[in-house]
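In what follows, a single structure is set out as structure tokens and then discussed.
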């Protein structure tokens, strides 16, 4: 099984929006990632439009279809439409991405930092998952590795989960990754047993990706943005994407 790399281009939009105008060009950055071999492009449009905007979503949808790579839209399915943000379901209706990842983040969060609460939100999620699937989208739910109810994602109709890897990255940074890897491996096995595909993302980097993939079975896709864009400032965007692909292929070790 080959793990796919989906590059999250949110941070390109952060840099653009910090100055206004169109530079750096999010579509051109995504095109470079695809040219380097990325299997897909991920975006997480937020209602406050702090980075990716609706017009970026439409343009990136066209680009990914043109190049035959996956488009993954992340977002909070409960966030209502507002000026400049038509809502996650409407964005997916307009662009029909191959995958939508449902993330329970609030408007004020700096970044996604927790997974779905099945007890609280399961009843609301089921009809939304069905609605996304009628659009032809594969549906993935953002989950915490320690959640005992991961199998509930399958019962709600989801196709995959995305394991929130922030805690693993923190543990790896402090040289304490083994207990975290055991937790994530158990989560992956439980998901697989329930018939779910396994994605992973958040704070994965060249420093920790190889160890994660070696320790966690059956990972179909990793979504990486913040670290990849940061590393690209030193290494260049296309070489950085190729470095990640080499790690995924087992052709490179973790970075020093």
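Glycine residues also receive a Cβ, built from the backbone N, Cα and C atoms like all the rest.
The following features are taken from Swiss-Prot:
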type	residues	note
BINDING	8, 19, 203, 225, 226	3-amino-2-oxopropyl phosphate binding site
ACT_SITE	44	active site, proton acceptor
BINDING	46, 51, 111	1-deoxy-D-xylulose 5-phosphate binding site
ACT_SITE	74	active site, proton acceptor
SITE	162	site 'Transition state stabilizer'
ACT_SITE	202	active site, proton donor
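Locations of recorded Swiss-Prot features on the structure.
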residue : record                                      : Cβ within 10 Å
8       : 3-amino-2-oxopropyl phosphate binding site  : 25
19      : 3-amino-2-oxopropyl phosphate binding site  : 9
44      : active site, proton acceptor                : 24
46      : 1-deoxy-D-xylulose 5-phosphate binding site : 19
74      : active site, proton acceptor                : 26
162     : site 'Transition state stabilizer'          : 27
202     : active site, proton donor                   : 24
203     : 3-amino-2-oxopropyl phosphate binding site  : 20
225     : 3-amino-2-oxopropyl phosphate binding site  : 24
226     : 3-amino-2-oxopropyl phosphate binding site  : 16
Rounded inter-Cα distance in Å - residue 162 (site 'Transition state stabilizer'), residue 74 (active site, proton acceptor): 11
DSSP three-state assignment (helix, strand or coil) for residue 46 (1-deoxy-D-xylulose 5-phosphate binding site): coil
Under 8 Å by Cβ from residue 51 (1-deoxy-D-xylulose 5-phosphate binding site), same chain, sequence gap 6 or more: 10, 11, 13, 14, 17, 44, 45
Cα-proximity to the residue listed as 'active site, proton donor', 10 Å cut-off, over recorded positions 19, 46, 74, 225, 226: 225, 226
Structural state of residue 74 (active site, proton acceptor), classified by DSSP into three states: strand
Three-state secondary structure, residue 162 (site 'Transition state stabilizer') (per DSSP): strand
Greatest inter-residue Cα distance in Å for the 3-amino-2-oxopropyl phosphate-binding set 8, 19, 203, 225, 226: 25
Candidates 19, 74, 203, 225, 226 (recorded positions) - the one closest to residue 46 (1-deoxy-D-xylulose 5-phosphate binding site) by CA: 74
Pairwise CA distance, residue 203 (3-amino-2-oxopropyl phosphate binding site) versus residue 74 (active site, proton acceptor), rounded so that it is a whole Å: 16
Residue 74 (active site, proton acceptor) and residue 226 (3-amino-2-oxopropyl phosphate binding site), Cα-Cα, nearest whole angstrom: 15
